Amino acid sequence: MFDRRGDKELIWFLLHAGAHCAKITFTNNCPNTIWPGTLTADQKPQLSTTGFELASKASSSVDIQAPWIGRFWARTGCSTDASGKFSCATADCASGQVACNGNGAIPPASLVEINIAANGGQDFYDVSLVDGFNLPVSVATQGGTGECKTSSCPANVNAVCPAELRVKGSDGSVIACKSACTAFNEPQYCCTGAYINQRPVHPLSTL
């Protein structure tokens, strides 16, 4: 079972951006080990690490050359079987290894999306639950100019996840919460068909 007691147990992503590069620092404030994954957009060269183990209370950094667009997430409940195949209970990237090697997270997964100097030299970042939720996450900046505020989802959504969206672990506990699109695959939840230009109806919006 992956323990998530308390709102302050977050995966922190610290963005320190300069003119030509940025440093992303991952900090695991959860009581259990996690396995962060990284993905560069548009299949461009991936970062020096595409997945790694991060113990509780530990931090690790990766350097990024600007411009860059990509995302990060944290896998939980990971293990290696007798054949040497690595897999995770949530946000697995299906590479069979700790490194994701250009694969994205299988939903549900809490995402941190970052755009470094890719649009007119500006940086953008957000926490997205478009692919569902597996862990509380937060992203903050360090250095630079302007009023760049923290973007976060500090709540444990799993604790209030509607029954039809729940993903349960082997012990029966809720380990992730699906998006409505993933769970139902209906146009009104996936912004497709007649709903392509409309704001989606999302069960999680009322939580």
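Glycine too: its Cβ is placed from the backbone N, Cα and C atoms.
Just so you know, TrEMBL annotations never went through curation; they're auto-generated.
The following features are taken from TrEMBL:
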type: DISULFID; residues: CYS78-CYS88; note: disulfide bond
type: DISULFID; residues: CYS93-CYS100; note: disulfide bond
type: DISULFID; residues: CYS161-CYS177; note: disulfide bond
type: DISULFID; residues: CYS181-CYS190; note: disulfide bond
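Most Cβ neighbours within 10 Å, among the disulfide-bonded residues CYS78, CYS88, CYS177: CYS177 holds that distinction in the structure as shown. Of all the disulfide-bonded residues listed here (CYS93, CYS100, CYS161, CYS181, CYS190), the one with the fewest other CB atoms within 10 A of its own CB is CYS190. Between CYS78 (disulfide bond) and CYS181 (disulfide bond), the C-alpha separation comes to 25 Å. Across the fold, the C-alpha of CYS93 (disulfide bond) and the C-alpha of CYS177 (disulfide bond) stand 17 Å from each other. Note: the CA-CA distance between CYS161 (disulfide bond) and CYS190 (disulfide bond) rounds to 19 Å.
Cα spacing between CYS177 (disulfide bond) and CYS88 (disulfide bond): 15 Å, rounded to the nearest whole number.
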